[in-house]
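Heads up: the structure comes next, in structure tokens.
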Amino acid sequence: MRHLLSTADLAKDDAILLLDTSAQMAATQSREMKKLPTLRGRTVVNLFYEDSTRTRISFETAAKRLSADVINFSAKGSSVSKGESLKDTALTLHAMGADAVVVRHPASGAPHMLAHAGWLDAAVLNAGDGMHQHPTQALLDAFTIRRHLVGGGSDAGTEGTDLAGLRVAIVGDVLHSRVARSNVHLLHTLGAHVTLVAPPTLLPVGIETWPCEVSYHLDETIERTKPDAVMMLRVQRERMSGGAGGAFFPSAQEYSRKFGLGSQRLARLPGHSIIMHPGPMNRGLEISADAADHPRSVIVEQVANGIAVRMASLYLLLAGSDDAHDERTSL
Ligand code: CP
């Protein structure tokens, strides 16, 4: 692997290598000394053209835990506000010797452009591009699912395993969600059965070509598929005209009633199922406080697992996959 741009490009072996390496990274994070010397002398640039809390902080933490030098670049307050292009920004990062560029951008395809236009000689990691992809989010979600539903809450015995036979319901604003796109591809590659649940207005054109089932009814889906994991999606009101749901659903109350996860639906889930959300949450809209803070909610753990997954991603891209095995054994 040279770049990490999309889960649709990830072969099953690469996905499992990333999950196994994440487990090794997670094990190092319970030590008193969390820092590893692995990327000493390497430079990681976090290039964020869109707001972020979890992804930006966890990539920064991951790079620092691997002893890389980290440069944080936010479009706000940079020469981007004076009209500087992505190309000129990339050439500047190249001149500064970036070894890896972690990029979040509102335009779908911007990370692909950075990786392939020849402006940079660096590994490019997609930290979310438009409504397209967010591969490290899907990897941390798969890692969390594997830990809970294959490993019983730990990584013991999970090495090399996929998610075959598991059922995952992904619920809500699929239309605007790069998290949903990334998860559908990765979970399918890993053998899980995915059901997307949304109102027809919040499903994209061409959904029938995605490797998953589609439903318009959450209660029916819970009853029929008995999901092992339920992933609630954020309603992305900032991408909807008017900002309050616009023409996508009649009212917040009706959306919550049909597609929200509250205590009544929670009670109908199988006893072992886990509750997920990529964050940030709209509490009271797609998920109630009861569900978000429930003992079966793994939402905070997803954030913690993001550090291990991003350490693994940086490590495999920068340390190189050929010598990855030898180096991994010395973590
Ligand atoms: N899940 C996620 O991408 O969160 P942030 O927007 O806070 O990075």
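Just so it is clear, glycine is given a Cβ too, placed from its N, Cα and C backbone atoms.
Checking the candidates Arg104, Arg167, Arg239 against TrEMBL: the one annotated together with Arg54, Thr55, His134, Gln137, Gly279, Pro280 at the carbamoyl phosphate site is Arg104.
On its own chain, Lys82 (L-aspartate binding site) has no residue at least 6 apart in sequence with a Cβ closer than 8 Å to its own Cβ. Summarised by DSSP class, the composition of the domain 'Aspartate/ornithine carbamoyltransferase carbamoyl-P binding' (2-146) is 65 helix, 27 strand, 53 coil.
Fewest other C-beta atoms within 10 Å: among the binding-site residues Arg54, Arg104, His134, Arg178, that description fits Arg54. Every protein chain considered, the tally of other Cβ atoms within 10 Å of the Cβ of Gln137 (carbamoyl phosphate binding site) stands at 25. A distance of 14 Å separates the Cα atom of His134 (carbamoyl phosphate binding site) from that of Arg234 (L-aspartate binding site). Taking Arg54, Thr55, Arg104, Gln137, Pro280 as the binding-site residues under consideration, the smallest Cα distance to Arg178 (L-aspartate binding site) is found for Gln137.
Taking Lys82, Arg178, Arg234, Gly279 as the candidate binding-site residues, the subset whose CB lies under 6 angstroms from any atom of ligand 1 consists of Gly279.
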